[in-house]
Amino acid sequence: MIDPTLRGAYRPGQLTVHHDPAVLGSVAKALRGVGRTVALVPTMGALHQGHLQIVRQAKRTNQVVIVSIFVNPLQFGAGEDLDKYPRTLDADVELLRAEGVELVFAPNAEQMYPDGPRTTVHPGPLGAELEGASRPTHFAGMLTVVAKLLQIARPHQAFFGEKDYQQLTLIRQMVRDLNFDVRIVAVPTVRESDGLALSSRNRYLDAAQRETALALSAALSAGAHAGGLGAEGVLAAARAVLDATPGLDLDYLELRSSTLGPAPASGNARLLVAAKVGTTRLIDNIAVTLGAPIDGHPNLDSQPEPAGTDPALLPPAR
């Protein structure tokens with residue numbers, strides 16, 4: 001039984017919103033104390049079907065799911081869209097209620113950083129590459145808030161989408177390097193029927209810009225299908241699509257290993273792209289298998305495991 005002093009702070013089958021980190025932490029601790037497993041889905045709100053798919057995957061593991069909604073000022077640099085970032089808490093809560101979520105954590109900046117951002121997490125060299133090259137403070141801010149959320153909720157598992165693949169990779173790195181007692185679960189990118197990756201920033205695109213944005217997923221798909229041609233073939237196939245698309249301001253197109261080191265000669269790799277369409281910056285990525293037998297069929301020995309067989313989807317014993 002949960003501590004009577006927390007009565008009303010957690011109501012099975014009903015959604016409760018908490019703003020105070022101490023209260024949310026106490027509720028999560030009490031749930032763990034009675035043998036419940038806890039899952040965390042961190043978000044910045046403005047929820048869409050991509051977020052909800054992550055929530056659904058978390059719920060399928062039969063855990064108490066905590067969804068955090070916090071627009072983290074630390075991960076926005078000078079001239080970025082912190083003030084413009086959509087804040088739709090009431091609508092987000094209703095979406096989560098419909099998904100059967102029981103706990104929402106929605107603090108403000110003063111509650112998360114009562115003394116300001118005095119202590120932060122440095123992302124290491126990878127934090128200065130790809131997204132970090134143009135957003136030098138972004139990943140330190142992101143890792144700092146994720147570290148705080150993990151400390152507050154102490155979840156058994158935390159769920160993140162693969163769309164922000166560099167973010168996912170850095171979170172895994174932080175958890176491993178700093179010995180966080182949590183399992184990170186990756187959820188595949190959710191796409192529209194035409195291939196566009198779901199993003200809170202898609203709402204900034206007009207109809208013509210949205211059509212232009214489709215080149216990102218088309219380029220990634222072309223690159224992935226050229227895996228048998230090696231790294232140069234993958235990049236050439238993807239770049240041909242991007243170069244043929246007017247109105248696209250390419251930031252980077254890179255092929256890396258699955259941990260974002262140098263791309264291997266064969267096996268699992270990741271193709272990543274970032275570009276501006278109008279004033280909206282979009283990112284996307286896709287898994288690529290490099291190398292194929294002479295007959296052109298994919299090398300099945302180097303294929304990644306299907307997401308459904310990921311042992312991380314099984315609640316850990318604690």
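Using N, Cα and C of the backbone, Cβ positions are placed for all residues, glycine too.
Record features, source Swiss-Prot:
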ACT_SITE  H51  active site, proton donor
BINDING   44-51, 161-164, V190, 198-201  ATP binding site
BINDING   Q75, Q167  (R)-pantoate binding site
BINDING   Q75  beta-alanine binding site
REGION    295-318  region 'Disordered'
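Note on proximity: of the recorded positions H51, Q75, Q167, the one nearest S200 (ATP binding site) is H51, by Cα distance. Under the three-state DSSP scheme, L47 (ATP binding site) falls in the coil class.
The closest partner of V190 (ATP binding site) among the recorded positions, by CA position, is H51; the full candidate set was H51, Q75, Q167.
For Q75 ((R)-pantoate binding site), the same-chain residues lying six or more positions away in sequence with a CB closer than 8 A to its CB are T137, H138, F139, G141, M142, V145. M44 (ATP binding site) sits 10 Å from the residue listed as 'active site, proton donor', taking the CA atoms of both as reference points.
Sequence-distant neighbours of L47 (ATP binding site) (same chain, 6+ residues apart, CB-CB distance under 8 A): I69, T88, A91, D92, L95, L96. Cα of Q167 ((R)-pantoate binding site) to Cα of G50 (ATP binding site): a distance of 16 Å. Counting only the Cα atoms, the space from H51 (active site, proton donor) to E162 (ATP binding site) is about 11 angstrom. Of all Cβ atoms in the protein chains displayed, 20 besides its own lie within 10 Å of the Cβ of E162 (ATP binding site). When each of the binding-site residues Q167, S200 is scored by how many other Cβ atoms sit within 10 Å of its Cβ, S200 comes out lowest.
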